[in-house]
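Annotation comment: Swiss-Prot describes CYS73-CYS298, CYS85-CYS97, CYS118-CYS160, CYS302-CYS326, CYS494-CYS498 as disulfide bond, evidence class sequence analysis. Under the heading N-linked glycosylation site, Swiss-Prot lists ASN29, ASN43, ASN59, ASN84, ASN186, ASN306, ASN504, citing sequence analysis as support. Positions annotated as S-palmitoyl cysteine by Swiss-Prot, on the basis of sequence analysis: CYS560, CYS567, CYS570. Residues or ranges marked as signal peptide in Swiss-Prot (evidence: sequence analysis): 1-21.
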Amino acid sequence: MLSLIMRTVIALSYIFCLAFGQGLPWNDNNTATLCLGHHAVPNGTIVKTITDDQIEVTNATELVQSSSTGKICNNPHRILDGGNCTLIDALLGDPHCNVFQYETWDLFVERTNAFSNCYPYDVPDYASLRSIVASSGTLEFFAESFTWTGVTQNGGSSACKRGTASSFFSRLNWLTKSGNAYPLLNVTMPNNDNFDKLYIWGVHHPSTNQEQTELYVQASGRVTVSTRKSQQTVIPNIGSRPWVRGQSGRVSIYWTIVKPGDVLVINSNGNLIAPRGYFKVRTGKSSIMRSDAPIDTCISECITPNGSIPNDKPFQNVNKITYGACPKYVKQNTLKLATGMRNVPEKQIRGIFGAIAGFIENGWEGMIDGWYGFRHQNSEGTGQAADLKSTQAALDQINGKLNRVIEKTNEKFHQIEKEFSEVEGRIQDLEKYVEDTKIDLWSYNAELLVALENQHTIDLTDSEMNKLFEKTRRQLRENAEDMGNGCFKIYHNCDNACIESIRNGTYDHNIYRDEALNNRFQIKGVELKSGYKDWILWISFAISCFLLCVVLLGFIMWACQKGNIRCNICF
């Protein structure tokens, strides 16, 4: 019990010492305290700068879009859902893809469950043909009158049924022998229009020599398709292949582009799958994408195989494949752009008198009307006000920062899928290496760009704080003293009107100079050094102990007189 009383006495003595030894300015009507500070929040956001990987700021904006909507929006881009059909099947006229004839699109969406349902085929230059058709954005077809003399046209197969009847690709004409003859074919078709024409043709590879002669008479056929600048000659490869839809033979699909003024020449003595007309080659920004995301009624400029994503951020890590005006793909999951100042959470109020501190010690929480401001303590009490001019100066330079980053990184283009056949494996490896290198480079550039912008933001906001402090110092001059923590001790009576004049820049130091000079000398003369404070502390403690002992002794004597306490002295 006595130990507790002693500790209480020591604490009270120390408090008395501080109260009388520090000479707090706001207890004196002749002085005031003015502190400058900046906005702070309890929990800031960590960002990276050039000099620091982890620096806390009051506010930051995420620059990386890391999730999609999970659905493909059909506006503003025209989306064509391929459903069960691939683009090439729709191009050739597979019976189950008739609904796509003459369709147009901005983006053709191929599904993983798409399948062919006609005679088995392959396209040696599949990726190029797919890309040309996809970028054209249409399957509009123009029939032409080719003259095929001495052969049977419109061949069909049980592998390609329309209803219950055997059929074939609607855009191709399977030519076989007529009677027991298959004459040499030599057909020309000039391009008298002012646009490029895409012709699709093919070569049939029978599974046996018997099938070859039954269809084309000759033991080996040949197909040559030429223009003035190109020529393709294909000799059928006769042989058994894995059975597909009841067929062991195959059709190889080829394509030729005929320029305006050029001529298409077709020579064959067998195995020709002839064109029925042409597709008009268009140049545009249409494309194709493999995705199983559902198509929905919504608006989005950017589409990925995962679904549409917003394009209000400069970067995304949802998918490398994109269509439309999309953020740049980077490897990082997050890149935060500082849109606020350095955050220094406000410390707990120290001391029973609630001392205030300036920006050098900490920030101020709860200052919602500005980034920079003033706090004061004077004879009229305490107050706080934001400095809107310095706040606006910082905001003007920061507000456009996000838009500038987007402008530097967004490109209005789409990244198409790259496909290569097995024989182009080395090209595919090289392409993958180039794409990976580009992504690595962009990821590094993005991180560097954001770090530079963050460094600039923090330096800028620190600079505005220092400018405001120096502006205040120049106003007060010798009428106040820099306390070293972002505060000024004003050596004259500075009421609220005086404080306001300092904030708005109309303070006249000459008016208060004499009073401030006089008060400075008086206050300095009685300021106690730390050594005197120690002596006062010990003297106060000793007196307190003495008084406590006197009170305790008096209580004991009183109790003994009343008989409440009995003392037995034993020898």
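Cβ coordinates come from backbone N, Cα and C, glycine included.
Annotation for CYS298 (disulfide bond): spatial neighbours THR69, LYS71, CYS73, ASN74, ASN75, SER308, criterion Cβ-Cβ under 8 Å with sequence separation of six or more. With respect to ASN306 (N-linked glycosylation site), the closest of these recorded positions in Cα terms is CYS85, chosen from ASN59, CYS85, CYS494.
Every protein chain considered, the tally of other Cβ atoms within 10 Å of the Cβ of ASN186 (N-linked glycosylation site) stands at 12. Long-range Cβ neighbours of ASN504 (N-linked glycosylation site) (same chain, at least 6 residues apart, Cβ-Cβ under 8 Å): none. In sequence order, the recorded positions near ASN84 (N-linked glycosylation site) (Cα within 10 Å of its Cα) are CYS97, drawn from CYS97, CYS118, ASN186, CYS302, CYS494.
Listed in sequence order, the residues of the same chain lying 6 or more apart from CYS118 (disulfide bond) and placing their CB within less than 8 Å of its CB are ASP89, LEU92, ASP94, PRO95, SER157, ALA159, CYS160, SER167, PHE168, PHE169. The closest partner of CYS97 (disulfide bond) among the recorded positions, by CA position, is CYS326; the full candidate set was ASN43, ASN59, CYS326, CYS494, CYS498. Across the fold, the C-alpha of CYS498 (disulfide bond) and the C-alpha of ASN59 (N-linked glycosylation site) stand 34 Å from each other. Compared over the disulfide-bonded residues CYS85, CYS498, the count of CB atoms lying within 10 A of a residue's CB peaks at CYS85. CYS494 (disulfide bond) and ASN43 (N-linked glycosylation site) have their C-alpha atoms 35 Å apart, to the nearest angstrom. Other Cβ atoms within 10 Å of the Cβ of CYS302 (disulfide bond) number 24 in total over all chains. Per-site Cβ counts within 10 Å over the glycosylation sites ASN43, ASN84 peak at ASN84. Candidate glycosylation sites: ASN43, ASN59, ASN186. Nearest to CYS85 (disulfide bond) by Cα distance: ASN186.
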